[in-house]
Amino acid sequence: MTKISTWNVNSIRTRITHVTDWLQTNPVDVLCLQETKVVDADFPHTPFEEIGYQAEIFGQKAYNGVALISKSPLTNVQAGFTPVLEAAGKSLDEATFFDEQKRVITGVTASGLRVVNLYVPNGSSVGSEKYDYKLRWFRLLKQYMECLLAVKPKPILICGDFNIALEDRDIYKPEGREKHIMSTPVERESLRSILELGFADVFRKFTAESGHYSWWDYRAASFNRNMGWRIDHHYLTPELYERATSCTIDKAPRGLEKPSDHTPVTVEISD
């Protein structure tokens, strides 16, 4: 059994105890972190090493940042869009620009499963420059995923904070949200363009109903009132999807003191 989790920790140095405590209770094989918000030189490796984990990192000061925390060494680790697109002989102009923000890292487990960890841009507000940036970022992500699928066909899992609720049932109150960032038709179509490459939402394999969320705003007592959004996802290629035995959201860390506004989502895959 392989267990992989995704968690936007909203600053790894602030949340390091939350994360290491959680790993000791939930010893997953790979934990994909987003919004680590720390340059690589200052990443807190030691607390992970003390509990038997190692970290592959791609970070920047105060913003963004992704990491792969794993029990066993990962191979073919590539940080950013650039290495994958360069290997495929693609133009690097867009990749160089978007890799200024550290949002993408991938690695392969000992069993040959490729994990792609993403922190998708939020987009700020509909029609803004940041919204356009998000849509352009998705177009490059599609090219990136096409390259990964073409180079070595193998099981691929994409996970992370997608900053998009794909369906109305992923939002606590969906009415009128088509004009709200993270749920516009254009954003949803951008995400679907990735899924159309051959990926499926494994959470919905096991849970059909609404009311299950992975992010709650810090304001308005949103967590206590379960006013959330499901924007942290695991998307799997068909072979992995068939082998998946569960996908669950652990709400407990969101109830801790000074929590991240996101909580872990874990998929279990049979060997």
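Glycine residues also receive a Cβ, built from the backbone N, Cα and C atoms like all the rest.
These figures come from a predicted structure and were not determined experimentally.
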Can you tell which of E35, E129, E189, E196 TrEMBL lists as binding Mg(2+) with N8, D161, N163, D261, H262?
E35
Relative to the Cβ position of N8 (Mg(2+) binding site), how many further Cβ atoms are located within 10 Å?
26
Among the recorded positions E35, D161, D232, D261, point out the residue whose Cβ has the most other Cβ atoms within 10 Å, with all shown protein chains included in the count.
D161
What parts of the chain pack near the compositional bias 'Basic and acidic residues' (252-261), using Cβ distances under 8 Å and only residues at least 6 beyond its ends?
7-11, 14-15, 18, 22, 35, 215-218, 223
So for H262 (Mg(2+) binding site), how many other CB atoms are inside 10 Å of its CB?
24
